[in-house]
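TrEMBL has this to say about the protein:
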TRANSMEM  6-26  transmembrane segment
DOMAIN    11-274  domain 'MASE1'
TRANSMEM  79-99  transmembrane segment
TRANSMEM  111-131  transmembrane segment
TRANSMEM  137-162  transmembrane segment
TRANSMEM  183-201  transmembrane segment
TRANSMEM  231-249  transmembrane segment
TRANSMEM  255-273  transmembrane segment
Amino acid sequence: MNTFFSRLITVVACFFIFSAAWFCLWSISLHLVERPELAALLFPFGLRLGLMLQCPRGYWPVLLGAEWLLVYWLAQEVALAHLPLLMIGGVLTLLPVALTSRYRHQRDWRTLLLQGAALTAAALLQSLPWLGQGEAAWNALLLTLTGGLTLAPICLVFWHYLTSTTWLPLGPSLVSQPVNWRGRHLIWYLLLFIVSLWLQLGLPAELSRFTPFCLALPIIALAWHYGWQGALIATLMNAIALIASQTWHDHPVDLLLSLLAQSLTGLLLGAGIQRLRELNQSLQKELARNHRLAERLLETEESVRRDVARELHDDIGQTITAIRTQAGIVQRLAADNGGVKQSGQLIE
């Protein structure tokens, strides 16, 4: 009974938290896209796909049902059109998510590439029902790709942090410990975020084409220092800076393409850096293993050398003792023979 109530509370909390986050992201998307139904394909789509790729399958109906209820409510309030297309696309996206869920608990770089491929396939399936709408089909594909590749990897970052961290119960010993804020990391993040904002708002119009190249610098810096998590967080900061700037409002397609390029750069660079780190760790392990094997080989050779030297010493000693004994016997048997006596003395 307690398990049932705990499960019920979890489902209800998941429903309301996801609904609130979905509506907030839809409002932000509506700032970038004029049509309400297309705004649901931007960041809300990325949030749903990102959570579905991480959470167990039992929560998928909750996420999908909450989205359908919100879409139906928006259709009544703001005349959101093409409601069946949104619902059919939501069902079709379950296929790549279900296939991806079978290959969890792999290496981080494989997880990044696998989920990136799943997001691309889900974006194609989500925009598939829009093929009969003309230009809206291409807009739907661009929106789903941009929203999925921008927001879904951030869900992976949070999920990785929550599942890989060892959580301890709050007790007196834990409360008395000081909190490690890691100020150096926060300063780095804030500094790079300010630089991204300045690149969007402070550069003159003549250098506007140079801005995307400058925005790649925070991604490279954080990816090199913090791995794939740093690359994805830098991508999110760049996305916020791009959305906050005023230079893209007259060209929303350019903004979406820039967000998509930033997301792909962060995802692929993060996967590459993580692969490089894993190869370096594997190489270090092999070098340490070879070093231990070399030490054991030297120890074995030294042990064999000592054993051989000990055996040779014993054999030679026994041979010399036998020769001396036989020489002594010969001397006693031939005491009158001077040559035998002289040879025995030489042996002694």
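Cβ from N, Cα, C; glycine included.
Because TrEMBL annotations are produced automatically, they should be read as predictions rather than curated entries.
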For the transmembrane segment (255-273), which partner among 6-26, 111-131, 183-201 gives the most CB pairs under 8 Å?
111-131
Would you say the transmembrane segment (183-201) and the transmembrane segment (137-162) are in contact under the rule of three or more C-beta pairs closer than 8 Å, pairs 6 or more apart in sequence?
no
For the domain 'MASE1' (11-274), what's the mean pLDDT in this predicted model?
82
